[in-house]
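One structure is given here, and the rest of the page talks about it.
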Amino acid sequence: MASTPEEEAPNKIDTLEAVIAKEFSYIHGEVVEEDEEEQSEPEDGNNNQDPEKDLQQLSGTIGAILNDEKMPYTTTTVEERTEYYAPQSNTVQLEMPDMETSYLKTLGGIMKIVCIALCLLTFLCVLIGGPGYYSGAGWATFVSTVGLSITTLLLFLYVFKVVDSVPQINWIICEMVYTFIWTIFFFIAGSVLAVASVQYAQTAGWAIAAFFALAAMCAYGFDCYLKFLQWKHNEVATGRGKAFFQPSSV
């Protein structure tokens, strides 16, 4: 039967003690008689051994025995690394855009203000100038309200320099197309309101609305012409511009 580790441990300890005792006996000149062959060896050779050499031999023997006693083991090296990251902020900072009021003094800004005023006046005159069941009044209301909204939006985009921040959009062509379409729309609306003011009674307000609608047609047409000139000269839309009315220096 195979011996267990508990049974082998005392045998190994006895062997280690016997070796140590044997080596010390050589150092002190005492020879241990283990068998008959060792008795026949001359004692002078053992007595003349160098003690330092015996100590080295003893340490080597003990080291060899102890090495036999060592069990296999695995060495694990753990490397600790600390990494620092810059803190990332998830907050969103909102900055108010710069307001360029000087655009209101340019020719383009003045034309937008004129168009806004004429759209508003046309809408109010249609609203209070006659009965609402007439289909021509509905068309004039649509043209004036949509024109008022789009032109006001464009004015704010220029004043707050949004057009400068988004140069990818060709603002001049977009405005030229828009003003050309609304020139035609206001011509139709003004013509319809003028005819309706003659045919129906108590529609004097529509006659005034027709006047403002035709005036808006002229304003949008002139603005379209200005945008055409800018496109022809390869100009870029900007919220900055030269004032149209400049004070004369004395």
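Just so it is clear, glycine is given a Cβ too, placed from its N, Cα and C backbone atoms.
Per TrEMBL, the feature compositional bias 'Acidic residues' maps to 32-44.
When pLDDT is averaged over the domain 'MARVEL' (103-232), the result is 91. The domain 'MARVEL' annotation in TrEMBL covers 103-232.
What TrEMBL lists as region 'Disordered' is 27-54.
Look at TrEMBL and you will find 113-133 (among others) tagged as transmembrane segment.
Residues 97-101, 103-104, 108-109, 112-113, 115-116, 119-120, 122-123, 126-127, 171, 175, 178, 182, 185-186, 188-190, 192-193, 209, 213, 216, 220, 237, 239 of the same chain lie 6+ residues outside the transmembrane segment (139-160) yet bring a C-beta within less than 8 angstroms of a C-beta in it. Feature annotation from TrEMBL assigns transmembrane segment to 139-160 (among others).
Beyond the transmembrane segment (172-198), the same-chain residues lying 6 or more positions past its ends with a Cβ under 8 Å from any Cβ of the stretch are 122, 126, 129-130, 134, 136-137, 139-140, 143-144, 147, 150, 154, 204, 206-207, 209-211, 213-214, 216-217, 220-221, 223-224, 227-228, 230-231, 235-237. The transmembrane segment annotation in TrEMBL covers 172-198 (among others).
Feature annotation from TrEMBL assigns transmembrane segment to 204-222 (among others).
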